[in-house]
Amino acid sequence: MASVAELKEKHAAATASVNSLRERLRQRRETLLDTDVARYSKSQGRVPVSFNPTDLVCCRTLQGHSGKVYSLDWTPEKNWIVSASQDGRLIVWNALTSQKTHAIKLHCPWVMACAFAPNGQSVACGGLDSACSIFNLNSQADRDGNMPVSRILTGHKGYVSSCQYVPDQETRLITSSGDQTCVLWDVTTGQRISIFGGEFPSGHTADVQSVSINSSNTNMFVSGSCDTTVRLWDIRIASRAVRTYHGHEDDVNSVKFFPDGHRFGTGSDDGTCRLFDMRTGHQLQVYSREPDRNSNELPTVTSIAFSISGRLLFAGYSNGDCYVWDTLLAEVVLNLGNLQNSHDGRISCLGMSSDGSALCTGSWDKNLKIWAFSGHRKIV
């Protein structure tokens, strides 16, 4: 029987071999790709989206949290936003009036993720307690904000990093976790339907940070991980990932499907956003910025979102910048961080309203801001 030292040696050799093959595959793909989206678009005479500093303005500042804002989500149909903060509360906001309709005090204050149910009647949240809690917003809360939990989803062995309801299904929810897995839940029973990763060899090998469900085909979702990869999953086949996407050189913090459902975007600690083709596995474009002028360091990408057409990519950064990228030409058309009433801290989360008319950003400065296209500006 092989000793521990021999097994470690074999494991190291196998890992080196895999990394070598992966690098050869990456180089081979680069030779086959004679262009990228930006070069092709420029060759066809496409011009950047014209943006002025007054075209996207901060129309609301949502103040009420007493700690860093970590996560936010919009309702699919109505103008409501839920936010999760280091202060241990979920707040539900009316995006039109800035009024708080709920301020839910959580049993575990270390919350990292939140999501609205498709019908807007429930919210989910998860964090360092390794559980996902469901609250029915029709339940009565006491004067301190304590509200009964309608369901607690337990089973993860690490923190819950993100959660998202399956579109148009109030009873299905997907979570990602520091235990290297994603889980599909039946919210009604509180039971796990499927586990993605874990003991399966095609799963992630480090913390899973983010998930995004394909609204065009809700059987498919992608997950981004600290193992620098993104994996595509089919909820009908949990035993293996459909495809693994390489390209990033550090943790993948955010993943988001493109509006057409055929591509998806990513944001990473390596300071770049990337666009991938879901079907071919090819990386279509890299959106890379210059280092921060003050620190000379490359800010990390914390969160991303697409405009309703997909022409714009919004990317939040650790230094407080929020870039608006032209996805076709890979050029920055606006930095919300330079505008009046911008955040004074790390952008931790952002999300686009379902009709594409407004962007909400959350920050470590304890505030959320709603950015809307000005009256004369056509929604892109």
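Positions of Cβ are set from backbone N, Cα and C atoms, glycine also.
Features of the protein shown, as given by Swiss-Prot:
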type: REPEAT; residues: 64-94; note: repeat 'WD 1'
type: REPEAT; residues: 106-136; note: repeat 'WD 2'
type: REPEAT; residues: 155-186; note: repeat 'WD 3'
type: REPEAT; residues: 203-234; note: repeat 'WD 4'
type: REPEAT; residues: 247-277; note: repeat 'WD 5'
type: REPEAT; residues: 296-326; note: repeat 'WD 6'
type: REPEAT; residues: 342-372; note: repeat 'WD 7'
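The repeat 'WD 4' (203-234) shares more Cβ pairs under 8 Å with 247-277 than with any other stretch in the list 64-94, 247-277, 342-372.
Using the rule of three or more Cβ pairs under 8 Å, pairs at least 6 apart in sequence, the repeat 'WD 7' (342-372) is in contact with the repeat 'WD 1' (64-94). Here the repeat 'WD 1' (64-94) has long-range neighbours at 100-106, 108-116, 118, 120, 123, 125, 127, 135, 137, 145, 162, 167, 345-346, 348-354, 360, 362-364, 366-368, 370, meaning same-chain residues at least 6 beyond its ends whose C-beta is under 8 angstroms from one of its own. Sequence-distant contacts of the repeat 'WD 2' (106-136) (same chain, six or more residues past either end, CB-CB distance under 8 Å): 70-78, 80, 82-90, 92, 147-154, 156-165, 167-170, 173, 175, 177, 179, 185, 187. When averaged over the repeat 'WD 2' (106-136), pLDDT in the model lands at 96.
DSSP places the residues of the repeat 'WD 3' (155-186) in helix, strand and coil in these numbers: 0 helix, 18 strand, 14 coil. Across the repeat 'WD 6' (296-326), the DSSP tally of helix, strand and coil residues reads 0 helix, 17 strand, 14 coil. In the repeat 'WD 5' (247-277), the DSSP tally of helix, strand and coil residues is 0 helix, 18 strand, 13 coil. Helix, strand and coil counts under DSSP for the repeat 'WD 1' (64-94) come to 0 helix, 18 strand, 13 coil.
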